[in-house]
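Chemist: My questions will all concern the structure given below.
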Amino acid sequence: MSNKKADSKPQAKYPVNLLDTPFPMRGDLPKREPQWVKEWEERGIYEKIRAASKGRPKFILHDGPPYANGDIHLGHAVNKILKDIVVKSRNMAGFDAPYVPGWDCHGMPIEIQIEKQFGKSLPAAEVMSKARAYATEQIEKQKVGFKRLGVLGDWANPYKTMNFVNEAEEIRALGKIIEKGYVYRGLKPVNWCFDCGSALAEAEVEYKDRTDPTIDVMFAFAEPEKTAQAFGLPALPRADGGIVIWTTTPWTIPANQALNLHPEIVYALVDTERGLLIIAEERVEACMADFKLTGRIVATAPGVKLANLRFHHPLASAHPGYKRTAPVYLGDYVTTDTGTGVVHSSPAYGIEDFVSCKSHGMTDSDIINPVMGDGRYIESLPLFGGLSIWDANPKVVEALRAAGSLLRSEKYTHSYMHCWRHKTPIIYRATSQWFAGMDVTPHAGGKTLRETALEGIDATAFYPSWGKQRLFSMIANRPDWTLSRQRQWGVPMAFFVHKETGELHPRTLELLEEVAKRVEQSGIEAWQSLDPRELIGDDANLYEKNRDTLDVWFDSGTTHWHVLRGSHKDQLQFPADLYLEGSDQHRGWFHSSLLTASMIDGRAPYKGLLTHGFTVDGEGRKMSKSLGNGIDPHEVANRLGAEIIRLWIASTDYSGELAISEEILKRVTEGYRRIRNTLRFLLANLSDFDFAQHAVPVDEWLEIDRYAVAFSAQLQTELLGHYEKYEFHPVVAKLQTYCSEDLGGFYLDVLKDRLYTSAADSRARRSAQTALYHLTQGLLRVLAPFLSFTAEEAWKVFQPASDTVFTETYYAYPEVAGAAALIEKWALLRDVRGNVTKALEEARTANRIGSSLQAEVAVHASGARYDALTSLGDDLKFVLITSAASVVKVDDEAHESVDVAASKYQKCERCWHYREDVGAHAEHPTLCGRCFSNLFENGEIRSAA
């Protein structure tokens, strides 16, 4: 019977055990959750969890630091809530799992904010002081947002990469990798952003489409006799012509110093209206069509035969400054997918070009590098001096046309590198930088950094497993790491370098420690204000302070050193058990942390890596302002509750994209209500139950109660297995099924009659309540990691003397004898009950009965089903929720069926069963015999249900 109907009956005469609970049906989450956040903080719940966990094995989830800039968005919410679920579930599994949140504080975005607010001419000391203040303000804002989501952690003592101790330890980490021999200085093309005025890390580069001019350019013959010999000809049939390159970067032509051919590709000498052209043989037809020329192949030769031939610069006739020749070098990276099969080489602006030219004997001083840090050519560059390279593109094309070197020019849309902060195009630009060498062997010998890092990946568990190959291929193919940046707000590469040679001071390691001590006292400002004479005396005449700062990925990438073993070493430990971030961090934090730990420790800094996907809308589209499909976690928390966000995240397979929309949130809210209603039923029916006073020993429970506890214990074993593997969506799916079907649709449905109509203190009712007590103990704990607000709210009603559900560990259910057989038997009974329910529904549709209690059923069953049904005796009717039930034996499954008949008896006013003995006691004409017994005598005897 439903509570509603029971409540509508006059209760005074024949009361039933309908109880209430202070746990309301409506969650009213937006109003209640902030009160819990406040209470958790005021009562020091995180500290109480730490005290309760002390001495247990440690489990360290190390927080990848978000950047201290801007409001938190849905991606932040996904990340922090997943971490919170992991930490809470590990604490409840019997670990000491602290959570120390952190923030990444140095770097370009904050420097840009300070420039926007105060201009670009601030003294360095003021930039630093304002950057610190800005980062602190942003952290406090984000902290409030994270706490509102129900994330528990050491919010009073987070780590910040700008804290003095962290800055100092980062300098010490730099000293470690220098000592081991991984760091070198060199000229090399690096990702360069003109707006940043600095080198960029690989992780700071994003790709988007850009339209540029694409050009085919001829470099005229400089050595016609040698060229003829290379093609096996006595002489060239005509003097005009040359070799043809294709490029999408016209601005690099002024800096050309070589041409690259593949040694094995066959090149053709083609006679055309524009002279003799050298093009890869397999590209001749396409190129002739593109150039609108007709051509005849005169001779062919493999690339190896053309090595070291020289050709005139294509602007040689336009200005004397370009009167130089370009040699042919061989390179395996040349392809014939597009273009001409010939690559022009400007070593200052391409990694492969640079490596090729250096390997052919070119020195750093030989390299032509006319592009300045702001994207303009040096003033002295012939024809184009002072122009920005992007403005120069069309002018270079016109100059080539005027010089007679241009064969074709058209617009070309291609995927091109952009700065992730400024969204502007970047280039490779050769600059003098500090690098960590991927293929460097440490001074002590052993494996290279690349080899060590790849071994570290092999030793790491990945969730999901595909992350391993992704990170492996990135490390296997990455270039040396550019450690240096040309900024102010960052940890300094606190070296003294020789003014003439650029060499490090011989006491560099000792000096780094001296600087670290000063930074520990007063921050990186100590380096800015340091007079070199304080540390190196008269050597200051020969050595100067290095002005570079460390890549911010080195800041966060060394948190395993300056947090796990530095600022928070008392709480944390190395290596961490888990790093958990979005899939972009294979290029970012996972990557830089692996490299720094491989250099410092010769191993990965983590035992496991968990990767989650990004949020998309209901149609699978990325969230963007232009589409207007973004969802703000603050808005959802204030409208529906943070619990709904938590349940959405936990119920979604985070290994792929996480789809969210109003429709999805509506479904999640409905699922939440089902769980909440289950908890309300449990708490209401336990409100007059005191475990110490009323609990029934397990061997005296009714059979269905033993089944329910055995089933719940088995389910919990499955759930804990999922929690251990960080599989949260199966936990949610199974718990929702458990609440709606196993409990709501079966066990609690069957239990209502016993709970409401049995004598309040009868063994039958107390057996049910004892089982419900154990179920509630178990359920609240497995819900707590993701439904944290609701589990805590229910726990305070259930166990008011306890501080919090979060200091508990997963519940140890009482042992039920023969649990496996019992679960198997009741699976059969539930199967039969499903058939009975279907038959009752058909009878109701045909207007033969009203409620199921108006029915009497005969179940025709065979084999194990017959045995299971008959074992329940007269209690079978309670399981089927009918007023009477009988079992008829048949030979086999084919003859099994259910007969439904309407009862011919009166309905009991109290229990609503239709029974022959209604009115058997004249003074209670509307009461059945069992209700009379339950109210006025010793109560009915029930053994199974």
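Yeah, the Cβs are placed from backbone N, Cα and C, and that goes for glycine too.
Swiss-Prot lists these features:
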- 66-76: motif ''HIGH' region' (MOTIF)
- Glu581: L-isoleucyl-5'-AMP binding site (BINDING)
- 622-626: motif ''KMSKS' region' (MOTIF)
- Lys625: ATP binding site (BINDING)
- Cys908, Cys911, Cys928, Cys931: Zn(2+) binding site (BINDING)
Chemist: Using the recorded Zn(2+) site (Cys908, Cys911, Cys928, Cys931) as reference, state which further residues of the same chain have their Cβ within 8 Å of the centre of those residues' Cβ atoms, listed in sequence order.
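Modeler: Here the nearby residues are Thr757, Glu909, Arg910, Trp912, His913, Arg915, Val918, Leu927, Gly929, Arg930, Phe932.
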Chemist: Between 0 and 100, where does the mean pLDDT of the motif ''HIGH' region' (66-76) sit?
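Modeler: Mean pLDDT, the motif ''HIGH' region' (66-76): 92.
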Chemist: Who sits close to Glu581 (L-isoleucyl-5'-AMP binding site): which same-chain residues at least 6 apart have their Cβ under 8 Å from its Cβ?
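Modeler: Looking at Cβ-Cβ distances below 8 Å from Glu581 (L-isoleucyl-5'-AMP binding site), excluding near sequence neighbours, one finds Gly64, Asn79, Gly588, Trp589, Phe590, Leu610, Thr611, His612.
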Chemist: So which residues does the motif ''HIGH' region' (66-76) touch in its own chain, when a touch means Cβ under 8 Å and the partner is 6 or more beyond its ends?
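Modeler: Residues 103-105, 107, 109-110, 113, 135-136, 138-139, 141-142, 145-146, 160, 582, 614-615, 623, 630-634, 660 contact the motif ''HIGH' region' (66-76) from elsewhere in the chain.
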Chemist: Pick out which of the binding-site residues Cys908, Cys911, Cys928 has the most other Cβ atoms within 10 Å of its own Cβ.
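Modeler: Per the Cβ count, the most surrounded site is Cys928.
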Chemist: According to DSSP, which kind of secondary structure is Cys911 (Zn(2+) binding site) found in, if we only use helix, strand and coil?
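Modeler: Coil, per DSSP.
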Chemist: Would you list the DSSP helix, strand and coil counts for the residues of the motif ''HIGH' region' (66-76)?
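Modeler: Tallying H, G and I as helix, E and B as strand, the rest coil: 3 helix, 1 strand, 7 coil.
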Chemist: With an 8 Å cut-off on Cβ-Cβ distance and a minimum sequence separation of at least 6, pull the same-chain contacts of Cys931 (Zn(2+) binding site), or say none.
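Modeler: Non-local contacts for Cys931 (Zn(2+) binding site): Tyr14, Thr757, Cys908, Arg910, Cys911.
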